Amino acid sequence: MKTAWLGTFAASALLVAGYAQADADLAKKNNCIACHQVETKVVGPALKDIAAKYADKDDAATYLAGKIKGGSSGVWGQIPMPPNVNVSDADAKALADWILTLK
């Protein structure tokens, strides 16, 4: 019984790690990392800071996906985030969901 539980736990951990890596790869693929890093402000805010700012917002993933696709200005300073028209709706949602998991 203990072995089965440990196996399930290990499989779950690998699944979560794979999900996190897949969306980090998605951020690289869509060139998000040119302006954003997980821990550090570059041109745009650190992704962990974005996650913290919107952690309690009910529709945070939808809101962030819209910002990823449509861009924004004045939210995090003077440098605007350009729209990312080549990012699919599904990828924008996956990126937003991933960002919100960062602590």
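Quick reminder: no glycine exception, Cβ is built from N, Cα and C everywhere.
The structure displayed is predicted, hence computed values, not measured ones.
Sequence-distant neighbours of HIS36 (heme c binding site) (same chain, 6+ residues apart, CB-CB distance under 8 A): ALA27, VAL42, VAL43, GLY44, PRO45, ALA46, LEU47, ILE50. Taken from Swiss-Prot, the feature heme c binding site applies to CYS32, CYS35, HIS36, MET81.
Annotated signal peptide per Swiss-Prot: 1-22, in sequence order.
For CYS32 (heme c binding site), the number of other Cβ atoms no farther than 10 Å from its own Cβ, over all displayed protein chains, is 20. In sequence order, CYS35, GLY44, LYS67, GLY71, SER72, SER73, VAL75 are the residues near MET81 (heme c binding site), counting only same-chain partners six or more apart with C-beta under 8 A. Classification of MET81 (heme c binding site) by DSSP places it within a strand.
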